[in-house]
Amino acid sequence: MSDLDQHDDIHDLLVGAPAPRLHYDLDATLRTGQRIRARRRLAAAGGGVVGLAAAATALALVLPGTPSASVAPAGPSLSGSVSTSPSPSASVSTRATTQCFPDDSSAGRTPWLTATAPGVLPTGGAVTVTAEILSGCSTNVLAQSESAEGKGATEVTLGLTERPTTASWIVANAAVLILPKGQRPCGYSFADSLPAGVTVTRGEWDVVVQPIDTSLLNKAASSGTVDICKGDSVVTRDLPQISEHDLGAKTDRAGAPATCDLDELGTAQDSARTWARHTVPAYLGKADVAVEVRAHPGAGCTGEGVTEGPLSPTDPTAGVLLEVDVPEVPTAAFWDFVHAGDQLVAAFFLPAGQDVCDVDFSGTELTGRQNLADATDIALDSGWTLQLQPLPDTNRSLELRARVCTPSGVVTPSLAPLSAG
Amino acid sequence: MAGRHDDEFAEFATGASPRLLRTAWLICGNATQAEDLVQSAMLKVYVRWGWLRGRQPMAYARRCILNDHIDTHRRRRRETTVSVLPEGEHHDREPEDTDAIVRLLATLPTRERQVVVMRHYAGLTEAEVADLLDVSVGTVKSSASRGLARLREALAAQELKEGHHV
């Protein structure tokens, strides 16, 4: 039997073996994915001032053909204003809360540098890098488009919320590094080495463009880091891309995270203070539902994060945990969702004397008045009430609004879930 | 709140998920875990769809599955003292004939199992598997060779055992 025959046998074995019924839930991906996107917008907006202190905060990658869109200011809905300590390096006094897009004419743009690396792509095309400083935007923006010059020539436009002071880099069709003059890339997590590429000096900065083999692009873009050296010394090890700040709440030089992404903060924040924690065993007979509300002042968070995950990291059937970041002293009602098995549940946090008097479904695909099952009220030590309210399933849960009342009238007529921003 | 390319992503996910599910199942040997791996991978693909849509989302999804599987495997190894592969636990949900291939693959170390499945089920080249697993092509070759040998041994032993039962 030839080696090929043996391989074919194994292929037949793997393809033909009976398998159990396997299910993938597309709706769950869309639902959770939309929550994550919303949360990131929320974190990026809420962490605006903090983010300005970092070399780079978040980056929205917009590919050619992506229509422009304007995202409404997404401040934390539980507190009308966010107070953050002014950063010594913050160069603006107003809080930027708008996520901008490359062709967004509302963003104030100040040209910073432009550099062209001719013939750097494997196709022989050039990469032109244009960096500009945006005002009024909470996130950095990358636009990448093909140039009319042909040969795959690419134009990369970086809109930065502030002028960088240290090295930064991104993966477009090539590695694009903006480095203080004299620094150079000296190590890569996704490759042993890269071709030297082209270095263009602009004032006190070097723009380095290095081609990346297409087989490495996914790896580079998804998790790539670079080491930066000056002379024989490593200046920065494992520098994440600008986009990683969006995904990972990486810590900036001052020790504050670029965003308040609770997925990333997890329990690593020693300074986090628990404001409320409660577990309802076997809620509705479906799953344990736990809520943990914490303030993360040491991380620079001021009430702008929310995430949902398994109660146990090793046992996905153990239940669900809703984590919420709050200001140090919450003053107004807030709420978000949690999924007890397949049951959508609202978790309302209500100050003493307040109650949810209505849930508005008009923004969802559900029509008519919805009959809600009985809610479960849990008294918290703080005097607040946690109210768990089963909701009918909807693909537009972020559009739900709660009306909060006291016996004497409406306190908040339309309260959005935290995830909705 | 639908994303701007949700329809496009949905088309990709619908087409790719059956193959990814089977790939994940062959690698981890557990239907529930396979579903979790694919669910988690697809979420990662979704949140990066703007970047991936013009590139290789399938390769990215496979990488997520393999990385998550390795992470889960390591975590469980740290947290449990049992020597049996957790992949072998899934006996209660499906008829026993679906366990046969799982038992066979469970005789391979994780890396060899991944290489064999990626090479001989997913049909990737040695270079693609090397890139996916972050190892050299030489490692892929040796892992595939050892994995196939083990698999054949296990297969022969299984046939022998079944012969004795007849």
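Count begins at 1; order follows the chain as displayed.
Placed from the backbone N, Cα and C atoms, the Cβ positions cover glycine too.
Per TrEMBL, the feature domain 'RNA polymerase sigma-70 region 2' maps to B:18-78. Mean pLDDT for the domain 'RNA polymerase sigma-70 region 2' (B:18-78) in the predicted structure: 82.
The domain 'RNA polymerase sigma factor 70 region 4 type 2' annotation in TrEMBL covers B:99-151. Note: the domain 'RNA polymerase sigma factor 70 region 4 type 2' (B:99-151) comprises 41 helix, 0 strand, 12 coil (DSSP; helix = H, G, I, strand = E, B).
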Count the residues of the domain 'RNA polymerase sigma-70 region 2' (B:18-78) that DSSP assigns to helix (H, G, I), to strand (E, B) and to coil, and report the three numbers in that order.
-> 54 helix, 0 strand, 7 coil
